[in-house]
Amino acid sequence: MAATPLPITSPPPPPTPPLPQLPTAATIRSLTAAGNHATALHALSSLSAASSSHSAPLDRFALPPAAKSAAALRSLTAVRSIHGAALRHDLLHGPTPAVSNALLTAYARCGDLTAALALFDAMPSRDAVTFNSLIAALCLFRRWLPSLDALRDMLLEGHPLTSFTLVSVLLACSHLAEDPRLGREAHAFALKNGFLDGDERFAFNALLSMYARLGLVDDAQVLFGSVGATDAPDGGVVTWNTMVSLLVQSGRCGDAIEVLYDMVARGVRPDGVTFASALPACSQLEMLSLGREMHAYVLKDTDLAANSFVASALVDMYASHERVGAARRVFDMVSGGHRQLGLWNAMVCGYAQAGMDEDALELFARMEAEAGVVPSETTIAGVLPACARSETFAGKEAVHGYVVKRGMAGNPFVQNAPMDLYARLGDMDAARWIFAAIEPRDVVSWNTLITGCVLQGHIRDAFQLVREMQQQGRFTDAATEDGIARVDEEPVMPNNITLMTLLPGCAMLAAPAMGKEIHGYAVRHALDSDVAVGSALVDMYAKCGCLALSRAVFDRLPRRNVITWNVLIMAYGMHGLGDEAIVLFDRMVASDEAKPNEVTFIAALAACSHSGMVDRGLELFHSMKRNHGVEPTPDLHACAVDILGRAGRLDEAYSIISSMEPGEQQVSAWSSFLGACRLHRNVPLGEIAAERLFELEPDEASHYVLLCNIYSAAGLWEKSSEVRNRMRQRGVSKEPGCSWIELDGVIHRFMAGESAHPESTLVHAHMDALWERMRDQGYTPDTSCVLHDIEESEKAAILRYHSEKLAIAFGLLRTPPGATIRVAKNLRVCNDCHEAAKFISRMVGRDIVLRDVRRFHHFVDGACSCGDYW
């Protein structure tokens, strides 16, 4: 697909509707009420100019609606102009403080709390609306305790409290979790003064939300279950919606669904807000069938079906279940003129989260160019990862300029997106500069930078950031207009996203000690029961070679999803335990927890391949569509080819490839087939596979290396040399072998034959001693692993210092007797190192766990868990 242009330049503003020759205060009020805020401000400007020439009066009735329009447009400049006009025309302080009240609210909504507070202090007279505006402004800026101080001043001055006052006060109390007594006192005050009586439900709904935010969800449910909650006029649909929403936000999605069913059973008709609140529960519970049931209900109601907010929730629900096609059909069913920003955002983010980056970018370009919908912070945060990943989109850095032009660069929610963009592009310096400019930094900002470090392989930096985010009273660098300043910053505690980000880094490094630290934190902070964190822990322990711990975490999880099952099935397969993997697969099928998907079958087929379970693997392959509705994708075809190829049934494997549609989708299958040809030293079929791969992936070094291996094993040195020359001509280089071992939280890396490690001399000397002992006990180097036509003694010398042998030698030197040696390698372990590890495990009486790019090898007393079938 061609690169999708971004709408870098903003569209021209819409033409201003014509105004009457002499606008009045009534004109401004009607324009503001109709949502024509820019036109309302234009009318005020005309009226102000006319007032200056004494042809028309500017009165205090025109200013409050104009201030409301300025606040709606988030135009601080307009608010200041209105303030100035009020001062020039002596309209700021009149019989009532209406103008000052409107300006106070407008300043707050435009982000200038200082101006709002100064205006409040300068007011000669205040009424209940003034204090309501002040309390709401303080809450807007999360100044919870000062908002309660303002409430006390309001009571001292004798102003009556209204339901609007109480709503703001309850919001403040809901964020003071350290003292829930304040919230209960507010509840008692509401009861005593009759705020919960009658038909008005604002205060009641605010009480429900307060108890939920304080973590007192049981109290909210008791309150909801009271008589007044369910017998309100019109069925109290807003109250029902509030209860559904707060239960979903509190993670009690099952309870939320029960409330929804109870609501319908009592004859209360769900509205758009009901479904927009309830559909996220389907995503959390992974209940696609329930989401479809809600969708069916919506389709029966014309108003609901055309509701853009409901459509947004449906799109998000389908996208979270990886049903992007269904999400797009919902999007398309809403006519273009009725698509609100939230619906566009849901579809753009759905594409981006599914990795359909070009589709996300194309829709992003359309939303403004064709539909005239201006992107929001959510849009930018959702589309920037797609910009970073897309290979067809060239102007990646220019997107940051687009964000600046849109005036969003200072928004913390948006700042995280460019930081993520630069991190994905590998420019960690730019990412850190953006991070330094964010103030205050919340857990999302920290997680974004930590994720960038993990993506770039800077695992130690990621762990250092986690330590920094938790330090109290520390000073950090922050960008200011004058450069870099030192500012104090509050500590931030890692959450489940932080742990899910770090754990793959531990798995990547095969560093179980680091992983155990994270596991301990998760247990201490009650995060280990989270299904996503639990799945990441299962994966981490499995990839670190700690299969027993992986299974223990799996068994303790209160709930498992398809990812959790897939991870453990894959782990058993990688460890050569095919029987256990298939037993687990069968248990998954029999359970109601998760339905097998494509990844499940990839894991199960890989397990069969690694363990030589050919018949069971082929049975799964041929029955997965019939029994489980899983289509045989190219990756699944490649798994079947691998099963047959490892078993030496190359003709059958070739037939499967021939049945596939020719093209790029055959790459994985041909690659598996070429590996099988190397294993069984089949030169003719290996040449066919290699030539196909050279056409499809001419710059992939592993294809050339495998063909060189086939030729070298057959003694065809001239052909092997030709392949290496072909690599040089194309500028293709083989990835150097690298092995590493974690000791005391430090990763030690070794390259074949290198001497960069600080203890290289000692390690080489120990490897020499091990080599001689192995030779004395009958070990013979497998020189077929060396691709060069040189003397056997020279080949043996090269093999002696392969990276995995050096890492094992270092582990033997630096770990206590009897400790298991855990080594990871970035490539497939060679035949000679595999044989050497068996000898070493028996000689020194140590268990050795070696993880290569494909699987695990457990060496115990001279034998490997793979049974030499790998």
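First residue shown is number 1, and so on along the chain.
In case you wondered, yes, glycine gets a Cβ from its N, Cα and C as well.
Unlike curated records, TrEMBL annotations are generated automatically.
Per TrEMBL, compositional bias 'Pro residues' is recorded for 8-21. The domain 'DYW' annotation in TrEMBL covers 778-870. What TrEMBL lists as region 'Disordered' is 1-21. Feature annotation from TrEMBL assigns repeat 'PPR' to 127-161, 236-270, 340-375, 442-476, 561-595, 597-632.
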Beyond the flanks of the repeat 'PPR' (236-270) by 6 or more, those residues with Cβ under 8 Å of it: 201, 204-205, 208-209, 212, 215, 217, 220-221, 224, 229-230, 277-278, 280-281, 284-285, 287, 290, 297
Model confidence over the domain 'DYW' (778-870), averaged pLDDT: 88
Counts of helix, strand and coil residues, the repeat 'PPR' (340-375), according to DSSP: 26 helix, 0 strand, 10 coil
Helix, strand and coil totals (DSSP H, G, I; E, B; other) for the domain 'DYW' (778-870): 38 helix, 16 strand, 39 coil
